[in-house]
């Protein structure tokens, strides 16, 4: 039990450092904005479609080769929290993603359709950006 608690503490400490390293920008005009959780974002799906899963609201979208993104993914894989995310991973990674309910929530950041969400949005793999105004 102690080992699991220590692992979680290390990952949370890494996330805190990761959050401080992410640049801030206007999420409506840029794919890079504030910090947080991670989701893989693939090339854009047809506008308005979300057949892959729930729509996510991500505060930032960064390329998987960015050192801080890659280090976070490697750390999660190293501690056995995720498996197989790094090998062959290409594309963008969304930062701080949470489910978006079309009925009432609004997203002032980057919206994306995601099919595999891990750790309550910490990592969501298989995402595509989506324009909700056209849904």
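Just so it is clear, glycine is given a Cβ too, placed from its N, Cα and C backbone atoms.
In Swiss-Prot this protein carries:
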type: SIGNAL; residues: 1-21; note: signal peptide
type: DISULFID; residues: 50-113; note: disulfide bond
type: DISULFID; residues: 57-107; note: disulfide bond
type: DISULFID; residues: 58-97; note: disulfide bond
type: DISULFID; residues: 114-127; note: disulfide bond
type: CARBOHYD; residues: 131; note: N-linked glycosylation site
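Projection of Swiss-Prot feature records onto the structure.
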{"residue": "57", "record": "disulfide bond", "DSSP class": "strand"}
{"residue": "97", "record": "disulfide bond", "DSSP class": "strand"}
{"residue": "107", "record": "disulfide bond", "DSSP class": "coil"}
{"residue": "113", "record": "disulfide bond", "DSSP class": "strand"}
{"residue": "131", "record": "N-linked glycosylation site", "DSSP class": "coil"}
Packing count at residue 97 (disulfide bond) (other Cβ atoms within 10 Å of its Cβ): 32
Local Cβ density at residue 113 (disulfide bond) - other Cβ atoms counted within 10 Å: 23
Cα separation, residue 97 (disulfide bond) to residue 114 (disulfide bond) (Å, whole number): 10
Disulfide-bonded residues listed as 58, 107, least Cβ neighbours within 10 Å: 107
Residue 131 (N-linked glycosylation site): tally of other CB atoms within 10 A of its CB: 10
Least Cβ-crowded entry, counting other Cβ within 10 Å, from the disulfide-bonded residues listed as 57, 114: 57
